[in-house]
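Student: I am attaching a structure below and will ask some questions about it afterwards.
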């Protein structure tokens, strides 16, 4: 899920959205709200993640895999709302493994956001793993497609953002089968420095890559997505 820039006051308060659920899990503050224009929305630590109106987000994440024939065995890192999982399965993924650390997010989205996730969590092609998604990349396994639906900010205060991004891309490249495709959400189009960091990381770790901007209905800014193929495994 994306992390749009956080306003001083949470958007669900600014816009007088009806709060349907307000809960603190072991990992984060989860709010499900409802808006007359966007339907139900998911907030994590007061950052808007996605709304029921934001199907372009899920399409942007899965399109590169579909375009390059990489919807065989798919790994989704994050994405506990289930929207990307649903899109991958609907586009023909043979097996879709979703790894998210927070069971509460998954359970609340199944309950409150069925228009977003549908019945994807119960689909025979789906496997849901409650675990550290980044640690999952260290497992000796291979995938036709990998979708990164997590933050671009490092989890450790001792690690630079550039190093964090580089490690994510390096590990993803090692887990791709030959001819596989990596897809990721990046940042707002109004964050040129971060976008450039990601571009440099992609160029360093992959021989083929591209980024693009997409308009997401509930976001205040266009969002950047990227895909990559043919990892430079010796880099």
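From the backbone N, Cα and C atoms, a Cβ is placed for every residue, glycine too.
Pasting the relevant annotations from TrEMBL:
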- 149: active site, proton acceptor (ACT_SITE)
- 28, 100, 132, 133, 157: S-methyl-5'-thioadenosine binding site (BINDING)
- 81: spermidine binding site (BINDING)
- 2-230: domain 'PABS' (DOMAIN)
Student: Name, in the order they occur in the sequence, the residues of the same chain whose CB lies under 8 A from the CB of residue 28 (S-methyl-5'-thioadenosine binding site) and which sit 6 or more residues away.
Tutor: 44, 45, 102, 105
Student: In whole Å, note down how far the CA of residue 81 (spermidine binding site) lies from the CA of residue 132 (S-methyl-5'-thioadenosine binding site).
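Tutor: Between the Cα atoms of residue 132 (S-methyl-5'-thioadenosine binding site) and residue 81 (spermidine binding site), the distance comes to 16 Å.
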Student: Under DSSP, is the residue listed as 'spermidine binding site' helix, strand or coil?
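Tutor: Looking at the DSSP assignment, the residue listed as 'spermidine binding site' belongs to neither helix nor strand, so coil.
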Student: For the C-alpha pair, I'd like the distance in angstrom between residue 157 (S-methyl-5'-thioadenosine binding site) and residue 149 (active site, proton acceptor), rounded off.
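Tutor: The Cα atom of residue 157 (S-methyl-5'-thioadenosine binding site) is 21 Å away from the Cα atom of residue 149 (active site, proton acceptor).
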Student: Roughly how many Å lie between the Cα atoms of residue 133 (S-methyl-5'-thioadenosine binding site) and residue 81 (spermidine binding site), rounded to a whole value?
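Tutor: About 14 Å separate the Cα atoms of these two residues.
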Student: Going by DSSP, is residue 133 (S-methyl-5'-thioadenosine binding site) part of a helix, a strand, or coil?
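Tutor: Helix, per DSSP.
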Student: For the S-methyl-5'-thioadenosine site as recorded (28, 100, 132, 133, 157), determine the largest distance between any two Cα atoms, in Å, rounded to the nearest integer.
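Tutor: The two farthest binding residues have Cα atoms 21 Å apart.
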Student: For residue 100 (S-methyl-5'-thioadenosine binding site), write down the residues of its own chain that are at least 6 apart in sequence and whose Cβ falls under 8 Å from its Cβ; none is a fine answer.
Tutor: 78, 79, 80, 106, 128, 129, 130, 133
